[in-house]
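Chemist: Not my notes, these are from Swiss-Prot:
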{"type": "BINDING", "residues": "G52, E53, S54, R118, I149, R150", "note": "L-glutamine binding site"}
{"type": "ACT_SITE", "residues": "C84", "note": "active site, nucleophile"}
{"type": "ACT_SITE", "residues": "H189", "note": "active site, charge relay system"}
{"type": "ACT_SITE", "residues": "E191", "note": "active site, charge relay system"}
Amino acid sequence: MTIGRTLRAGVLALQGDVREHLAALEACGAEAVPIRRASELADLDGLVLPGGESTAIDRLIRAFELSEPLKAFIASGKPVYGSCSGMILLADRIADPALDRDGAPQRTLGGLDVTVRRNAFGRQRDSFETELKFDSLSDSERPVHAVFIRAPWIEQAGSEVEVLAVVRIEGIDRAVAVRSGNLLATSFHPEVLVQESETSELRVHELLVSMMASRLSQDANQAESRK
């Protein structure tokens with residue numbers, strides 16, 4: 001069944017790489033919109049949780065009363081992609097959560113059966129770029145040019161989580177891209193390269209848009225079968 005309309009993707013727009021993700025999604029043919037209110041989630045086919053500062057985004061999510069609506073969106077099965085701090089927000093567990101002034105650990109939205117470590121590759125000065133083999137992308141034989149900025153890695157993943165890319169650190173393969181059902185997460189920032197012609201990387205966002213199209217088609221087929 002054909003979709004018959006433009007896919008609508010939201011980018012949580014409280015802090016972080018919002019404009020870059022909007023541009024990447026538009027370049028993939030989706031209608032991309034910033035999301036700041038719970039009511040704006042209703043008409044989305046998919047959602048991006050952008051890179052930024054995970055503790056700041058956690059505080060803003062609570063301040064804007066978005067925690068429960070976002071958890072409900074994730075639980076709905078619609079595709080969600082988290083990059084860098086977005087991966088932290090999707091994780092069920094944080095190995096080293098930041099603490100607020102009262103000693104309470106930062107919270108996540110959850111949904112992805114992984115344990116992440118914040119700033120695992122180091123601080124801002126330790127940011128780096130590398131070429132990654134990334135399964136499940138179009139032209140998967142061509143490596144992804146990945147930008148890591150104060151990035152997390154995944155220390156443990158559940159049995160239903162598929163590891164799509166790893167970085168080898170001190171002899172250990174660290175998972176930096178995973179998928180579980182319609183949840184997708186990367187430690188790195190593909191969105192920052194969208195405007196750079198020599199290294200432009202849209203394939204991660206193309207994967208998200210493909211997931212959105214598949215979900216919408218499944219919903220349409222189920223609705224048709226109930227008639």
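Just so you know, glycine gets a Cβ as well, placed from its N, Cα and C.
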Chemist: If you count the C-beta atoms lying within 10 Å of each candidate's C-beta, which of the recorded positions C84, I149 ends up with the smallest number?
Modeler: I149
Chemist: I need the neighbours of the L-glutamine site defined by G52, E53, S54, R118, I149, R150. Which other residues of that chain put their C-beta within 8 angstroms of the C-beta centroid, in sequence order?
Modeler: G51, C84, S85, I88, N119, A151, P152
Chemist: Within 10 Å of the Cβ of G52 (L-glutamine binding site), how many other Cβ atoms are there?
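Modeler: G52 (L-glutamine binding site) is surrounded by 20 other Cβ atoms within 10 Å.
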Chemist: In terms of Cα spacing, which of the binding-site residues E53, S54, R118 are within 10 angstroms of H189 (active site, charge relay system)?
Modeler: none
Chemist: CB neighbours of E53 (L-glutamine binding site) within 10 A?
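Modeler: Cβ-Cβ neighbours of E53 (L-glutamine binding site) within 10 Å number 15.
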Chemist: Taking the recorded positions one at a time (S54, H189), which has its Cβ surrounded by the most other Cβ atoms within 10 Å?
Modeler: S54
Chemist: So if I draw a 10 Å sphere around the Cβ of E191 (active site, charge relay system), how many other Cβ atoms end up inside it?
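Modeler: Its Cβ shell of radius 10 Å holds 29 other Cβ atoms.
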Chemist: Roughly how wide, in whole Å, is the group G52, E53, S54, R118, I149, R150 that binds L-glutamine, by largest Cα to Cα distance?
Modeler: 13
Chemist: Between R150 (L-glutamine binding site) and C84 (active site, nucleophile), how far is it from one CA atom to the other, in Å?
Modeler: 8
Chemist: Where I149 (L-glutamine binding site) and E191 (active site, charge relay system) are concerned, what is their Cα separation in Å, rounded?
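Modeler: Rounded to a whole number, the Cα-Cα distance is 12 Å.
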